[in-house]
């Protein structure tokens, strides 16, 4: 409303003296319009010029190739895929493979990184030195070399498929990767999944209720133990109720390779291990810096108030350490995700590898590269959004 | 290994920048003083640097032939080693003037990739190599095999097609760099290595720890006519590359070699006089020196010489002429007439 009133007043001033470059507001707007206009103009020139050049060389443009048959094979896929499927679906397979290695990698790197970071602060001389050595060695070797190392370790270090190591019944370790028995298809697995989701939801609700009650009455409810019981117990109940099936899909050596079971391929192993180890060294330093950043006086103050050591860590140290840890941790997560494009070098079919094959078969390099850029941008922004939300949540709230 | 992406990104930028710089490759190359030629980084017999850093190979020799046609000097070239993935952005963007990198002629590449192909310099086909220990005698026995393949080639497609057509399963291990693909195969990661038969022969001769442990299966599952390529939009440059290849084939047909070419300069055959530029006209039509064909033969040799020197029976690759014999000897190598 206020703006409208001002505009109306401005318009009523006679002689048009309201438009003057000496007015800072007007000047700011004019400059912004000019800058935006220039950016749009340059962008338009680049795009139209590119299209023009491509057309002159009769190079195909556009994304319609995504609906054509891809006709190439992919070694690992989370969703059904065969060469009969489209380029679009092949690309989706690649995106899912990237997400798979990124998500598992982020979880593992966080766990290892936290352990190493804490270990580096340990008062035990040996543990602290080992952790330091780990960090200094791992973070100072380029990730690509580490990938080659892990990949060579599997392909040169393990026996050929026909003389695979067989440490446990049904478990085989060879140059074709780690093959383990998989549970046979059974409706009970779905039921257990549903039970798990229910347990998580109930635990969250319980936590909400317990907090409210504590605020009201001061009584503490053991949410942790109850939640753990629910999350482990409910799926177990579902499993027993479903008849507790024990049938396993056992891998058998058939012809060139094992049939059946679940496979962890050497490529996946190498990229996952390489990224996890590399990133965990950086995360260890982030964690260490976070813990050091909290003044020792905080611990002493908490003790003086009579808090036991568990709540001291949980309620006093960690909330302050996390404020320091989370922003650089976000960068490390983003790095891990983007470094997964190195998979190309060791044959893990991530989105870059598949987009590369696509752009080579179709010759549409610009489209392929924009798709790769778009995918990484979306994944990275999603991680960034989530971490920013989390960062806000754990920020110090001043009352 | 990200270089493929980098090249593509760089190409994107160059395409942005290269407005209108399309025609006149001949003038550009002449004023620059050397030809930029895209070759394979490490395929023995076709394109690879030797221990002294000199590029050798069949594809390399056709680059040299073009350089001789223009400058009468086999060294006025800058070789750019390209991976399978880098090669198209490199030629599209003008980073190289000529792509001579065992590239298969296909419809898509001729049209939507925007290339023009010179005559075929090597008729090839895709095959499979396996370790003798597996006891496999035919590609039809490969159901369930793990196959090592380089990314960004027609090979990936033929492989999928062949296994689909024969209702067999396979597991591809797709790696960008040729060296890494070979390393994975020889380490035992895959049962099968697949690429063009000439490439398999080169790899077996040059990379295998024990060449005799590996056998190339008899099935040839595709047609792979390999040819030099230039980009769309410059017919004069295309003509020069095309007729440079033809010179080597025609010379072999005439029986002219690098050793005896001087004896033909004053031949009685008017066809040969026209061909070698003693009777002027042909060179001018191409915008080249009248002696360009003479120079190519003198400095690089005829097709048979190039073949024998790089991939023939007396080289480690031990490839027979086969389809690559002259048409007069039951092969496919045939040059349009120089008239």
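Note: Cβ is positioned from N, Cα and C throughout, glycine not excepted.
Values in this document were obtained by computation on a predicted structure and should not be read as measured data.
Given the ranges A:60-86, A:141-167, A:222-248, the record in TrEMBL names A:222-248 as transmembrane segment. Cross-referencing A:188-210, A:303-325 with TrEMBL places the feature transmembrane segment at A:188-210.
Recorded stretches compared: A:28-47, A:101-121, A:188-210, A:222-248, A:369-390; the one with the most Cβ pairs under 8 Å to the transmembrane segment (A:268-287) is A:101-121. Of the recorded ranges A:28-47, A:101-121, A:188-210, the transmembrane segment (A:222-248) has the largest number of C-beta contacts under 8 angstroms with A:188-210. Here the transmembrane segment (A:369-390) has Cβ contacts under 8 Å with residues 91, 95, 98-99, 102, 326-327, 329-330, 333-334, 337-338, 341, 351-352, 355, 359 of the same chain, all six or more residues outside its ends. With a threshold of 8 Å between CB atoms, the same-chain residues lying at least 6 positions outside the transmembrane segment (A:28-47) that come near it are 21.
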